[in-house]
Every structure is written in structure tokens, then in C-alpha cells.
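**Q** There's a structure below that I have some questions on.
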């Protein structure tokens, strides 16, 4: 005879997940320049890219070994930062060098030019130079965004763009109007006449969400939690089955 004892554990854990910028504006994953092989456009190419003769190339086009005006224009626009077509070839602009023309000769050793200032890297705020589908840009740690991680984006400190836990305040993030706490995860007030009870918002008919900030579908007085997304909570279900065997 065999018996089974199953225990279901259900837990709710507040999460403060952050979202780095790892995709370009078209939703494609950014490819780190440092991951692209130097001197190889064969089987070792990375996402079809290789650094050949000192410059970043799309291997399929580079292998044609013919000068293609369309590709040279494309290369200057997509695979370079400061470059232009000169005498039919994509060439770094004056004082610029490197495989993607992002290194500036006019700055000190180990520095480059960003805007009008010399900085250690073209990517600001510890970003990483990368290749996108439309242009060279940077992978950015939260809460930074923009082509070169130059723009503060406090929404990147939360797991969902619909959360309002943080807001921009100059060059740093502070808690949103309805939140407090070290991680801005303590609700201090609700929207749409919701009532704050034991740290949670009790929403009136027609609204739902952490702050009662979401309106139910037209014609529905109440909202099913199954159809809503709860960004501040991580639900974990652990199923533990212990089998007992009797002989």
C-alpha cells in the first residue's frame, strides 16, 4: 500500500527587481563590443559580426570583398559612432579612431570625448558599449537609460513600468508620491478613494492594483486578480510530496 502526503507552501515576497537596459529601441538584444572576435569572420563570428582590419564588420557583407556604396553608408550609420564616407569608404572622422570610431585622440590616455567633456568611457554611469540593430549604443545599469546611459530613468528600478515606486529628482531617484521606505516599497496612500489598511490598498468598486490605480474593464464592478499583474509581489508555490510505502 502506498500513501502520499503533499504539502503546498504559498508565499508572497516583496521584490525590488531592477531592469538594466539590455535591448535597443527596437527590442533587439544589444551585443557587447567586447564579445565580438577580432580578426575572425568565420565560424567564430558573434551574431554575424567580427572586427576585421581594425573595423567592425557585418561578416556576410565583408566577405564579398567588393566596395559597396550602400554598405559603406550603412556601416557609418549603424556600425560606427563618429564616421563618414570618404572616397567611397566609411572612415573615422578627424581625431576619432577605433573599430567603431569612438576613441578620441584629443583626450588624455584612456579617455574619450562625450559631448564637450573628456570622460573615461563614451558610455556614462558604468555602461558598456554595444552594437544595436540601428546604431552603436550602450548597455546601461539601472536606473540609467538613453543611447549612452546619459538619461536618468527611475522606472528601471522597478520590475514593471506600471509601478510608480520611484520618480526622477534631478540626478537621482526618490520615492514616488504614494510610497516611502528605503526601497520605496511601503505604500503610504492610495488612489481613487482607496483605503490604506495594514499597508495595502483596499480598492473601491471599479478599481484594482497596488494603489487602486487601474480601472476594471468596462461593465465590470470588480476585477479578477488573475487578470491583473501584481508587480510588487513574487508568488512562489512549492509542492513537496512525501511518499510513504507500507509493505
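We count from 1, first residue shown onward.
Yeah, the Cβs are placed from backbone N, Cα and C, and that goes for glycine too.
What Swiss-Prot shows for this protein is this:
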- 123-138: disulfide bond (DISULFID)
- 140-149: disulfide bond (DISULFID)
- 190-201: disulfide bond (DISULFID)
- 203-212: disulfide bond (DISULFID)
- 114-150: domain 'EGF-like 1' (DOMAIN)
- 180-213: domain 'EGF-like 2' (DOMAIN)
- 1-17: signal peptide (SIGNAL)
- 18-220: topological domain 'Extracellular' (TOPO_DOM)
- 221-240: transmembrane segment (TRANSMEM)
**Q** When you rank 123, 138, 140 by Cα distance to residue 203 (disulfide bond), which of the disulfide-bonded residues ends up on top as the closest?
**A** 140
**Q** Residue 190 (disulfide bond): which of the disulfide-bonded residues 123, 138, 140, 212 have a C-alpha within 10 angstroms of it?
**A** 212
**Q** May I have the DSSP-based helix, strand and coil counts for the residues of the domain 'EGF-like 2' (180-213)?
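**A** Across the domain 'EGF-like 2' (180-213), the residues distribute as 0 helix, 11 strand, 23 coil.
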**Q** Disulfide-bonded residues 123, 140, 149, 212: which have a Cα within 10 Å of residue 201 (disulfide bond)?
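**A** Neighbours among disulfide-bonded residues, in sequence order: 212.
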**Q** Could you measure between residue 123 (disulfide bond) and residue 149 (disulfide bond) for me? Cα positions, answer in whole angstrom.
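**A** Just about 6 Å between their Cα atoms.
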**Q** Of all the disulfide-bonded residues given, 123, 138, 149, 190, 201, which residue's CB has the most CB neighbours within 10 A?
**A** 138
**Q** So, in DSSP terms, is residue 123 (disulfide bond) helix, strand, or coil?
**A** coil
**Q** Which numbers of helix, strand and coil residues does DSSP report for the domain 'EGF-like 1' (114-150)?
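**A** Counting residues per DSSP class in the domain 'EGF-like 1' (114-150), I get 0 helix, 15 strand, 22 coil.
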